[in-house]
Amino acid sequence: MTLLTYLRRKLGLTGTKLGCAEGGCGACTVMLSRYQTHTQQLLHYAVNACLAPLCSLHLVAVTTVEGIGSVARKLHPVQERIARSHGSQCGFCTPGIVMSMYALLRNNATPKMADVEEAFHGNALTPSCLIFELENSAINFDSESPSLFNAADFAPFDPTQEIIFPPELMSLTKGQGSASLRFHGDRATWLQPASLDEFLRLKWKHPDARVVVGNTEVGQSVAHKRTNAHIHTHTQTHTHTHVCFTIFVGTPCTLSHMGAVLRQEVETRPPHQTQVFLAVLEQLRWFAGLQIRNVAVSLPLLTSTQFVSAFKQSPRREDDISTVTAAMSVTFAPGTAVVEDLRLSYGGMAAVTALAGKTAARLLGRRWGEELLQDACSSLAEEMTLDPSAPGGMVTYRRTLTLSLFYKFYLTVLHKLREQGLNVEAVPSDCLSAAEVYHPETPSGVQIYQVNTVVLDDVVGRPMMHLSALKQATGEAVYCDDVPLYENELYLALVTSSKAHAHILSIDSSVAEAMPGVACCVFAEDIPGSNAVGPITYDETVLADGQVTCVGHIIGAVVADTQLAAQRAAKAVRIQYEELPHIITIQEAIAAQSFYQPIRTIESGDLEAGFKQADHILEGEMHIGGQEHFYLETNVTLAVPKGEDGEMELFVSTQSASKTQVTILRKILQNTEPPCCPPWSPWRQTSKSALSIIRPVRCMLDRDEDMLVTGGRHPFYGKYKVGFLNSGKVVALDVSYYSNAGNSMDLSLSIVERALFHMENSYSVANVRGRGFVCRTNLPSNTAFRGFGGPQGMMVTESWMTDVAQSLGRPAEEVRRLNLYVEGESTPYNQILDQLTLDRCWDQCLQRSGYQQRRAAADLYNRQNRWTKRGLAIVPTKFGISFTAAFLNQAGALVHIYTDGSVLLTHGGTEMGQGLHTKMVQVASRVLGIPCSKIHISETSTNTVPNTSPTAASASSDLNGAAVVNACQTLLQRLAPYKTLNPKGSWEDWVKAAYFDRVNLSANGFYNFDTNSGRAFNYFTYGVACSEVEIDCLTGAHKNLSTTIVMDVGHSLNPAIDIGQVEGAFMQGLGLFTLEELHYSPRGVLLTRGPGSYKIPAFGDIPTQLTVSLLRDAPNDKAIFASKAVGEPPLFLAASVFYAIKDAISAARVESGVSGPFRLDSPASAERIRTACCDRFTKLVQ
């Protein structure tokens, strides 16, 4: 049993969350404290509770987020700061971040910013709950804007008031010393030896036993591969010794402790002796997070003739598994630059570490210089080869890295030899940056907004704290799986397909049904209602019936008394298949003409005449990868039968409560209402099981299950032909979009329509045709995702816009500005643009970013550096607001006023971290004229507001806010006579008077767009972003130096929440366009099924300088209180980072004599960046 399971299921301490079960997200972070007898000091350290075996915690104190503070008792200063500084949105990861910071402060009460950054390396930065303010603790505010919070109001941090280590544990630790431990379970035995001799005896007796120190590897194996762990031998000694010129580090010594020892040695020894230590420390900086390093050789001292370097290249710099690593050592004959000994080792080039022995041997006796470099690279290209089908792929990139990393080593050594006074070639000044060690700068942020100063008591337009922030920071916020266990509750686990496309020949569940704790198995024939489902077209099944159409297709479910029993039984179900041909990629679908119908087209102007008018015509293409939602709270359902009249209560992690309700009716009660939910939603199987067994049933998908069975953002492929004038003005565009829909239609047609609605982004093109093709493949059905196809459509737009600029040799910002829409122009779908603020956003972004100065500085930097390049890009967005399906543009609300004057508010929107509940309370406060403290909001439920639209399309504040206003105005009308009779009375007086006069103090509100005739959207949200990056041309790594965003959100309802939404959307877009890649095998198996292989942005990926400015004086008369939607529109602005990267690559290509347009697919991964920077090293491995 892990510590996390014990905390949540045995003790009911649910503040510690399950996010991934592999130590990759930090949501389960707790602090362990141990008394060390050898130092007589306490050691505090953060760990992942999901990986920590309970057996390993003998004599250890465990501190969870509940233990350091609570809303009712007292908040810890860390909890208070992250909440009141607007650092929590969805809040699921907030307790883990709090505990990482808390553990740091227990060891270092005055940490530096670098210490804070390192402490957060093990915490995932999910854009849906972006924690930006805490990481950037020194937030700056522009002089024209007040602070979003007042730091003077925070309680001071006093380290003397922290929880003490339990004296009983200290006494026991001193008394017992090192004692042997043995724990026996049904399936495993845990042995903890007290000495090396005992350990060796145990290992001899149990040769197959796994040796566990930190459990970071075995824990993942047990969690994800469901392996049977039999006997574990565990040791936990922190040892290191000095012998002659070597430091010996004991195997159980944690990496954190080793790092501390090595840092001390570096500070006290001559620099030439500690090169190995520095190399190890540099790798430790980027190895996992502190939670892993805290639970995890001999290191020699060097002479002045020895040089050592180590390198690691991974998709993401922080907490990521390497693509290629290298450790290199060279020894020279004393007083010379002649190689006496050379060792070159590489990781990631074979199943084990690979030594480039042949290359090293060829270079012995050679002088360190350019000739040696050329021979070394040629030799490495021949020696370090990979089979084209090698596991991990990226064969060309990995081979290129072996040369690039050696070149970095070559430059580093050459520079040091020169510093020692040896007669060697000088490192060219423009190559010095290639050998520099990366050191992140201290991040900073600027946030600019316009505050409401009209009415002092009016909370609308003010940076009010998220209503749930304090509960999130203390772990008291209740998420679906935090609901306490019911008596007789059962657990449901899914049985899924292992084939992409196949007939089901047989299903044998006999072994599973006979396993202990199993209540039943459920398959398609057990569904009493219809098995057909789909948002629009009923082309999906709740449970596969006779055929599977993707890996992860849900075939059935097993219900048992515990999660572990259900999952084990699900694995025991045996299914026989007859495989059928499958289609996985868009290219395969195009070749097979595998499309859903219809094919959508938007056309405007005369395309043929436009191309005739053009001075130039170019064609291009681009692929945009998919994206996993990676909500930290995975899909959860708890179904509770009520026992009377067939009533059932469902707790569901969904943003479509009414869709869930209607679909359940159809599945279970054979109701004929139209369903509208993805087939993988676990509440379908859970609710059916609960009703048939008449016991509560819970289902929470593990991260790998969730990623396997659910779809995400659609991959897109765009082909375009664009005609333009010599000035850069685009006059004709013909573009085709192909989206990978997966194994059902889902919402894919609407998504490709949204892509077509945004095919011109913010640019006026007189003659245009766009076509959208929905590809049918054998992947889990892709579905709605923030932006809903808009980002993919606009990404292709910016690709051809960049191509136009590059083909003309003109600055991209000039070409973009030339083509921007102006007031009164019409879109390709004939919507006239009014209240256009694009030009204001553009000009302010140029000014606030200092674009011209940055461009001049970047150009100078690029002239002075060969192997690192900087790039800039400024990109606009125009995002249409409203559901394109008109019937969804409606909302309801319900408001009760009680006799004590308190108000209960509920509405049809789902709060998922975006601050919707907070904004609705602010709206009600303004309309009713009472403080927010009098208003309580209840969670969304179908028994209070029926027939709700999904919380989507960025329209929830507009729709639900107007419904709240409607309800509140109705109540005000009823109270008006009593206010007239008693104008000096209080709110409570008027309410009581109305009550005694038998006035109804409850009202429902309703709102819908009156008409949208001739307009696809109610209005548009505009924004512009400018970003600057720096790329390493040798490895493909990049740094996000700065981003400036100007966003038009109208008159913001809550600037703090809206700025958080802008930041969060931007970071999610940054992941989409630069980091996140879904990899499938040729047989349709998802290979990236957790944070270990699928990388979302980390704290270090936030631009070092981030400025967010909300456009001033831009009221919107089409939405609540002149505001604008903000959820989806900012996401695409992260494309400015992608095109800044492309700009930097262009500078690198010029160095190799290559210029003009080139293709760069999204995301701009390190592999794609390195490959695009064609040079002499890439040519050697082609």
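Glycine is treated like the rest: Cβ placed from N, Cα and C.
Marked as domain '2Fe-2S ferredoxin-type' by TrEMBL: 1-68.
In the shown protein chains, 29 other C-beta atoms lie within 10 A of the C-beta of C50 ([2Fe-2S] cluster 1 binding site). Among the features that TrEMBL reports, [2Fe-2S] cluster 1 binding site is placed at C20, C25, C28, C50.
Per TrEMBL, [2Fe-2S] cluster 2 binding site is recorded for C90, C93.
Residues or ranges marked as domain 'FAD-binding PCMH-type' by TrEMBL: 183-362.
Sequence annotations record features per position, and here TrEMBL assigns FAD binding site to V211, V212, V213, G214, N215, T216, E217, V218, F287, K312.
Sequence-distant neighbours of R786 (Mo-molybdopterin binding site) (same chain, 6+ apart, CB under 8 A from its CB) are A1065, Q1068, G1127, E1128, L1131. Taken from TrEMBL, the feature Mo-molybdopterin binding site covers Q655, R786, A953.
Look at TrEMBL and you will find R754, F788, T884 tagged as substrate binding site. Every protein chain shown contributes to the tally, and the Cβ of F788 (substrate binding site) ends up with 27 other Cβ atoms within 10 Å.
Residues or ranges marked as active site, proton acceptor in TrEMBL: E1128.
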Are there residues of the same chain, six or more positions away from C20 ([2Fe-2S] cluster 1 binding site), whose CB falls under 8 angstroms from its CB, and which are they?
A27, C50, A124, R703, G1090, P1091
C28 ([2Fe-2S] cluster 1 binding site) and V211 (FAD binding site), distance between Cα atoms, whole Å
24
Close in space, distant in sequence - R754 (substrate binding site), Cβ under 8 Å, 6 or more apart:
F788, G789, G790, G793, T884
If you count Cβ atoms within 10 Å of the Cβ of C93 ([2Fe-2S] cluster 2 binding site), leaving out that atom itself, what do you get?
28
C25, C28, V211, V213, A953: which of these binding-site residues has the sparsest Cβ neighbourhood within 10 Å?
V211
Quick check: with C20, C25, C28, C50 left out, which same-chain residues have Cβ atoms within 8 Å of the centroid of the [2Fe-2S] cluster 1 site Cβ atoms?
L4, K17, L18, G19, A21, E22, G23, G24, G26, A27, N48, A49, L51, G96, R703
Taking only the Cα atoms, work out how far Q655 (Mo-molybdopterin binding site) lies from C25 ([2Fe-2S] cluster 1 binding site), in Å, as a whole number.
23
Since the record lists Q655, T884 as binding-site residues, which of them has the fewest other Cβ atoms within 10 Å of its Cβ?
T884
Surrounding CB atoms that lie within 10 Å of the CB of E1128 (active site, proton acceptor), all protein chains
26
